[in-house]
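Engineer: Below is the structure I would like to discuss, written out as structure tokens.
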Amino acid sequence: MSPKTLYDKIWDAHVAHEADDGTCLLYIDRHLVHEVTSPQAFEGLRMAGRPVRAPEKTIAVPDHNVPTTPGREDPANMTEDSAIQVAALDKNAKEFGIHYYPVTDIRQGIVHIVGPEQGWTLPGMTVVCGDSHTATHGAFGALAHGIGTSEVEHVLATQTLIQKKSKNMKVEITGKLRPGVTAKDITLAVIGATGTAGGTGYVIEYCGEAIRDLSMEGRMTVCNMAIEGGARAGLIAPDEKTFEYVNGRPHAPKGAQWEAALNWWKTLYTDEGAHFDQVITLKGEEIEPVVTWGTSPEDVLPITATVPAPEDFEGGKVEAARRSIDYMGLTPGQKLSDIAIDTVFIGSCTNGRIEDLRAAAEIVKGKKIKDGMRAMVVPGSGLVRLQAEEEGLADVFKEAGFEWRLAGCSMCLAMNPDQLSEGERCASTSNRNFEGRQGYKGRTHLVSPAMAAAAAITGKLTDVRELM
Amino acid sequence: MDKFTKLTGIAAPMPLVNIDTDMIIPKVFLKTIKRSGLGVNLFDEMRYDREGNEIEDFVLNKPAYRNAEILVAGDNFGCGSSREHAPWAIKDFGIKCVISTSFADIFYNNCFKNGILPIVLPQEDVDKLMDDANRGANATVTVDLENQTITGPDGGEISFEVDAFRKHCLLNGLDDIGLTMEKSTSIDAFEETAAQARPWV
Ligand code: SF4
């Protein structure tokens with residue numbers, strides 16, 4: 001048998017039908033659902049009189065537009081249209097008999113944090129969700145990607161997806177990271193190197209010593225942003241860390257089934273000599289703490305750099321850079337570490353897990369946020385919030401002047417009341433710095449949790465290594 | 001789903017690269033539970049000022065392009081979120097075909113599910129069509145899916161590639177779910193085998 005990549009193996013194990021032209025029906029093991037991209041899909045089922053084919057494999061949680069302040073279970077505290085979407089999810093979950101975590105449930109949170117936390121996400125699975133950051137689950141060696149609403153309906157009705165196989169890309173991060181450099185810096189540095197379209201048509205497998213050294217939380221951060229590099233999915237081969245993370249979770253296999261699962265999971269790696277259509281290698285030692293300066297995630301530079309000039313680019317990017325620099329209110333040549341920040345947001349499915357909060361708290365401990373700074377921590381799930389409270393992290397944040405919120409997507413996409421106002425500048429641990437993403441004319445700089453914490457203290461983008 | 005066979009219409013130029021789904025339809029409009037009615041908010045933040053007045057020099061506000069049915073765009077069109085509201089808004093506005101050198105994966109898929117034809121062409125062909133589009137309402141472009149050709153106002157013909165299965169679905173307005181359900185015996189059989197091999201799933 002010819003050697004296979006990890007992606008090949010998972011793909012092959014899930015093809016339910018293959019047409020002559022190579023179009024496949026890929027069987028889906030887990031379907032995650034949230035309130036924004038699903039109402040039209042359920043409506044479609046209802047109109048066609050179709051049931052959900054595998055309700056036991058379908059999990060729903062409201063996260064995108066729920067408020068993160070107390071009293072949010074009362075629809076009166078939501079905008080009318082948010083309340084309509086959440087109510088629709090409530091109704092659809094009940095009517096179609098799928099697993100559901102309402103806002104009142106301590107396990108509620110961002111869909112991509114809840115899935116792994118509850119053991120729904122397991123190695124070797126296919127996982128989809130009507131949300132592009134489904135790539136997060138690739139950290140477990142699961143083939144996970146975002147889909148549109150029509151595809152949500154397709155998966156609900158048939159438990160399959162019409163797919164053609166992507167190409168294989170290997171992204172290797174060799175060696176060790178230096179202090180102050182995190183998983184977020186890796187994933188941003190990769191996008192900086194490939195561009196936001198560099199991964200289009202590929203599934204990426206991340207490997208190398210620096211990836212192996214990451215915790216599961218860190219690996220989820222890396223895979224989360226595979227989509228920002230344009231890839232369909234990101235994958236990391238499961239290892240002992242993965243198995244240890246999964247073991248004992250509510251929906252993970254137990255007893256003899258655990259043993260059987262483990263046996264299969266241990267075969268999930270790329271064979272020696274397997275073919276990759278593209279290979280990218282970065283040296284771990286050379287990655288620095290990075291920030292974005294523009295309005296595309298590929299606009300990445302080390303914090304020690306300066307704002308570029310449009311003329312530094314080529315082709316269509318010249319105009320895009322000019323527009324970005326103007327939108328962001330920056331001047332070419334300005335030092336990135338001189339950019340003053342109004343708001344700090346720590347949270348999202350990229351960086352809303354316990355390890356992220358620990359890393360931020362480590363920097364914040366015993367200090368106060370800069371006068372006039374708005375800073376908030378939004379844990380990725382109710383359980384992350386609880387754990388952070390038990391570990392004393394919540395107190396560290398509160399004493400420093402941070403707001404301590406309930407779980408949800410919050411200012412990552414600002415569909416709930418957490419938004420930037422016009423011209424407000426934010427250091428954010430989320431994943432997108434698009435125009436208007438965090439609020440109309442809001443300005444976003446993407447950073448790691450430690451870098452966000454540093455900015456909250458000093459009031460400007462800051463090299464976290466100066467505070468360590 | 002609406003069929004897509006042959007389209008003759010005005011092409012609007014949007015040479016900007018990395019036009020993302022937040023630009024195509026800002027998140028404030030995602031709170032609908034319907035698929036229709038998003039066209040008025042297509043490119044909302046580029047198209048209207050804060051008071052809701054049209055911004056004159058935005059391409060789709062110019063008299064020549066208000067009825068555009070084709071969009072010629074810069075690289076990596078549709079990057080960002082998976083929101084199908086983006087193609088819904090494009091379709092609702094009346095645009096049925098988008099041409100670029102590259103598209104983001106999810107957006108590209110979403111187009112076909114909504115009767116929109118996304119066409120990938122080499123840079124030089126996109127440049128040529130961008131020039132044609134810049135000529136405004138006097139110049140129409142014809143997209144023929146059956147023959148996989150684009151004919152510019154001067155009669156020059158460009159051919160394009162499209163996946164055979166997707167072409168078939170668009171030409172005939174076929175619904176994916178119905179097609180897949182015809183293969184339900186394969187899915188049943190797969191489920192049975194998988195339940196043996198991986199009972200923990
Ligand atoms: S946290 Fe942000 S990126 Fe993640 S699921 Fe929510 S909105 Fe999407």
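The backbone N, Cα and C atoms fix where each Cβ goes, glycine too.
A quick note: this is a predicted structure, and the numbers were derived from the prediction, not measured.
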Engineer: Determine which of A:C349, A:C426 appears in TrEMBL for the same [4Fe-4S] cluster site as A:C409, A:C412.
Structural biologist: A:C349
Engineer: Might you list, by sequence position, any residue in that chain lying six or more from A:C349 ([4Fe-4S] cluster binding site) with a Cβ less than 8 Å away from its Cβ?
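Structural biologist: A:I110, A:V111, A:H112, A:I113, A:H133, A:T136, A:N224, A:G380, A:C409, A:C412, A:N431 - these are the non-local Cβ neighbours of A:C349 ([4Fe-4S] cluster binding site), listed in sequence order.
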Engineer: Determine which residues of this chain, when A:C349, A:C409, A:C412 are set aside, have a Cβ within 8 Å of the centroid of the [4Fe-4S] cluster site's Cβ atoms, and list them as they appear in the sequence.
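Structural biologist: Neighbours within 8 Å of the Cβ centroid, excluding A:C349, A:C409, A:C412: A:D63, A:H64, A:I110, A:H112, A:H133, A:G347, A:S348, A:T350, A:G352, A:G380, A:G408, A:S410, A:L413, A:S430, A:N431.
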Engineer: Give me the count of other Cβ atoms within 10 A of the Cβ belonging to A:C412 ([4Fe-4S] cluster binding site).
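Structural biologist: Cβ-Cβ neighbours of A:C412 ([4Fe-4S] cluster binding site) within 10 Å number 30.
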